Amino acid sequence: MSVTVRVPAKVNVQLAVGAARADGFHDLANVFLAVGLYDEITVTPADELRVTCDGPDADQVPLDRTNLAARAAVALAERYGRSPGVHLHIAKDIPVAGGMAGGSADGAGALVACDALWQTGAPREELLEICAELGSDVPFSLVGGAALGIGRGEQLTPLEVGGTFHWVFAMAGRGLSTPAVFREFDRLGEGTDIPEPVASQELLAALAKGDPDALAAAVSNDLQPAALSLFPELAGTLAAGRAAGALTALVSGSGPTTAFLVRDPESAAAVAQALLASGTCRTVRTASGPAPGATIAGR
Ligand SMILES: C[C@](O)(CO)[C@H](O)COP(=O)(O)OP(=O)(O)OC[C@H]1O[C@@H](n2ccc(N)nc2=O)[C@H](O)[C@@H]1O
Ligand SMILES: Nc1ncnc2c1ncn2[C@@H]1O[C@H](COP(=O)(O)OP(=O)(O)OP(=O)(O)O)[C@@H](O)[C@H]1O
């Protein structure tokens, strides 16, 4: 018996960041959109906890108990007094350390898969609570679609989306550490008054309408200057995508993946090709959103 769960990547269409809190985290107004790039997590009973991974970035994924999928299995097992004896296999398609919540997706996926395998009957609220303990992005990986995250980004309100948005993602030659990007945000903001993060009404209206031009005009990412400061070459990737006709270009979350909103799948193919030809990124992917959250894909 095994269970396979499919979990999407995300792009942050708005990431408003407040000042550092006493616990080191930052209050956010984080508007998540799940996009159709997926990791698949398969859980099978085993004598002891084991993690394996395949996919283009598999060599960058830790296979010990620090892996978010392993941490999710252990957290659920502890709550239900079970042994976490499972083999977790991650078929990884989401770029690692790219700002697209790949590790978070694996955490949410492993949680849903173990929950189904062990038939715990845990209420969804409890699964979401475990997700929030695992990381700020993990609850959104579970729910998918589109949502506004406040607090650390873990307190979610689902958002209405009136259409499909088409994206191109450019993957960089190296990763960026999320804590390092937040630290750089703090350093750049030293001595300035950092406003409370609030969701943009124009952006929420654009999502609800499914209007790509309005969304392009409203997207924002307060971590972008910090990501560019640590990884200046990303400015060249953003410029190449804009020149190729993207409606807008931004850093995805803490980066270094860059995201390009386009009007339709044909423009996505054209922008993807131009980005590759520009030599400013390692590889490109196209995907659209919203995509569903963690979903059982097979048993
Ligand atoms: C950049 C985003 O991906 C945007 O969605 C998230 O805010 C990061 O989410 P994540 O990777 O799940 O982050 P966590 O594992 O919770 O935290 C990693 C580190 O990021 C920083 N962090 C994260 C979230 C937050 N609201 N404030 C922070 O300052 C902290 O230094 C924290 O130690
Ligand atoms: N299952 C996992 N997949 C990938 N990385 C993982 C996993 N578990 C732990 N990690 C660790 O987490 C680090 C960040 O990886 P991840 O792919 O989640 O970054 P990210 O997409 O930038 O995350 P986010 O967008 O949530 O900030 C990796 O460098 C790796 O050491």
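Placement of Cβ uses the backbone N, Cα and C atoms for every residue, glycine included.
TrEMBL annotations: computationally assigned, not manually curated.
Database features, via TrEMBL:
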{"type": "ACT_SITE", "residues": "LYS10", "note": "active site"}
{"type": "ACT_SITE", "residues": "ASP137", "note": "active site"}
{"type": "BINDING", "residues": "PRO95, VAL96, ALA97, GLY98, GLY99, MET100, ALA101, GLY102, GLY103, SER104, ALA105", "note": "ATP binding site"}
{"type": "DOMAIN", "residues": "67-145", "note": "domain 'GHMP kinase N-terminal'"}
{"type": "DOMAIN", "residues": "203-276", "note": "domain 'GHMP kinase C-terminal'"}
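TrEMBL feature annotations superimposed on the structure.
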residue	record	DSSP class
LYS10	active site	strand
PRO95	ATP binding site	coil
ALA101	ATP binding site	coil
ASP137	active site	coil
List, in sequence order, the same-chain residues at least six positions removed whose CB sits under 8 Å from that of GLY99 (ATP binding site)? ASN12, LEU176, THR178, ALA227, VAL251, SER252, GLY253, SER254, GLY255, PRO256, THR257
Just to be sure I understand the contacts, which recorded positions have a Cβ under 6 angstroms from any atom of ligand 2? Candidates are LYS10, PRO95, GLY99, ALA105. GLY99
Running a distance check here. Ligand 1 versus the recorded positions LYS10, PRO95, ALA97, GLY103, ALA105: which have CB less than 6 Å from one of its atoms? none
Rounded Cα distance, in Å, between PRO95 (ATP binding site) and LYS10 (active site) is 11
Per-state residue totals over the domain 'GHMP kinase C-terminal' (203-276) - DSSP helix, strand, coil: 43 helix, 11 strand, 20 coil
Could you count the residues of the domain 'GHMP kinase N-terminal' (67-145) that DSSP puts in helix, in strand and in coil? 46 helix, 7 strand, 26 coil
Sorry to bug you, but what's the C-alpha spacing from ASP137 (active site) to ALA101 (ATP binding site), rounded to the closest Å? 7
Counting other Cβ atoms within 10 Å of each residue's Cβ, which of the binding-site residues ALA97, ALA101 comes out lowest? ALA97
ALA97 (ATP binding site) sits from ASP137 (active site) (Cα to Cα, rounded, in Å) at a distance of 13
What's the number of neighbouring CB atoms sitting within 10 A of the CB on ASP137 (active site)? 30
